[in-house]
C-alpha cells in the first residue's frame, strides 16, 4: 500500500511537471512581453517547487507513520479476506 501510494504521488508530480513545462512552452511563443514571460516562468516554477516539496514531505511523513496510517487499513483488508473465505 505504501509503495503504491508513493508511486501514485510521484507519478502525479511527474505529470504535473510535464503539463506545466508543456503549457509554458506552448504559451511562451504567444507572449511578446518579456516581463509577462518571466512572471509566468517564476509562477510555474514556484508551483512546481512547492508541490514537489509537499509530496516529498508527505512521503517522509507516511514512511515515519506507516504503521499508524496503514495499520487500520491492513486490519480491515484482512477481515474482508476472512469474511470472503467463510
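Sequential numbering from 1, following the chain as shown.
Every residue gets a Cβ built from N, Cα and C, even glycine.
Within its own chain, the transmembrane segment (7-31) has Cβ neighbours under 8 Å at 37, 40-41, 44, 47-48, 51-52, 55, 58-59, counting only residues six or more beyond its boundaries. Sequence annotations record features per position, and here TrEMBL assigns transmembrane segment to 7-31 (among others).
According to TrEMBL, the transmembrane segment annotation covers 37-58 (among others). Through the fold, the transmembrane segment (37-58) approaches residues 9-10, 12-13, 16-17, 20, 23-24, 27-28, 31 of its own chain, all at least 6 residues removed from its boundaries and within a Cβ separation under 8 Å.
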